[in-house]
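One structure is given below, encoded as structure tokens.
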Amino acid sequence: MHDIKAIRDNPTAFDAAYTRRGLSPIADSLIKLDETRRIAILASEQAQARRNAASKEIGEAKKAKDNARAEVLMAEVAELKTTMPALEAAVKDADEALKTALSEIPNLPLADVPEGADEHGNVERHHFGAKRSYTFTPKAHDDLGEALGMMDFEAAAKLSGARFVVLKNGLARLERAIGQFFLDVHTGEHGYTEVNPPLLVKDDAMFGTAQLPKFRDDQFAAGAIGSGGEGYWLIPTAEVSLTNLVRESILDEKELPMRLTALTPCFRAEAGAAGRDTRGMIRQHQFTKVELVSITTPEKSKDEHERMLSCAEEVLRRLGLHYRVMTLCTGDMGFASQKTYDIEVWMPGQGEGGAYREISSCSVCGDFQARRMDARSRGPDGKPRFVHTLNGSGTAVGRALIAVIENYQQEDGSIAVPDVLLPYMGGLKVIAAA
């Protein structure tokens, strides 16, 4: 959410940043909505003030035995009492119109974000390792998993339809091992506090992190709990639960940065992904992810962004996976983001000759989410101000599983277990068909 006062004070600067996303200028229309709201507030306040004044004058007129004057004033108060609900409704409508407009406007990119229309405008920042070489043609993870008898899409389709999978035996254990490994590194070495949050959240939580209202069709609505209860949503990412832990609160800046992590299932309708990545586990309605969230001050958010990226990279380095880090351009970055780094891991079984696929996005959101959540902090001067929020995948466990399967595949179709995962595998070093 943006600050309408800042937009009014400098509409040119707002539009200059906003149009870098490839969008048309919008400041004037927002200012007009705000002007309508201000006029409505003024009319309501003037009516209330006049009603209060007239009520006082009635008493004075009666005291002076000026009955004619008192009757005129009582008629005026009665009329104001009749018209004021409409004035108050106009204020409510104008408030809602401005809030709705502001809630559907994306965050502004930072000045150092590269300009571009889509993913082709993203810029490689650096990479780690090199593509593995094979003496055989690498297979896709779904071909390998099905041949092992440990990845069953047909069974999942009977249960839930398309874009689900049933993992069994060694691959089920491998996925669990990856998630546990990620959590252990982030909590034991990177200073994140592990949280086990609810998977069902209310409208306010989804609004706070900006999934609602704009991306309603991409979410899974769980319906109401109990008769007449409020609706719930399945979380698309633990970012929603973790970030909203500070909603409607004022934090002590001595406690910041606050770093939180969670390993959860995530649920996405993928309404805009029809026909894309229909094979395998790349794009699922349900998947597991380790999320990283940081709450910090404006002065520290840039450094915290770099730190979060390094934490996400570290677990992939230890898995021995080749990846590249991309700075997303203005046309490809997320709705709530000021700046995003994507980590793209190399998957040799994807497409013809392999492909890079996103495994993590690390974003700094500034005070965009904090304004929606009313999340603030209080510094040495005692004045509350909005915090800055950051989120990142640390990383997507399902896609990490794909990367391990495809990169560690052997010619006979078995999967070698990376060394760092051996402590979690109960002595299993190679995943092979029974």
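Note: Cβ is positioned from N, Cα and C throughout, glycine not excepted.
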Of Ser103, Ser133, Ser393, Ser414, residue recorded by Swiss-Prot at the L-serine site of Thr237, Ala238, Glu239, Glu291: Ser393
Largest separation between Cα atoms (Å) of residues that the record links to ATP, namely Arg268, Ala269, Glu270, Glu358, Ile359, Ser360, Ser361: 19
Residues Thr237, Ala238, Glu239, Glu291, Ser393 binding L-serine per the record - widest CA separation, whole Å: 9
Assigned conformation of Ser360 (ATP binding site) - DSSP reduced to three states: strand
Other C-beta atoms that fall within 10 angstroms of the C-beta of Ser393 (L-serine binding site): 27
Subset of binding-site residues (Thr237, Ala238, Glu239) lying within 10 A of Ser360 (ATP binding site), CA to CA, in sequence order: none
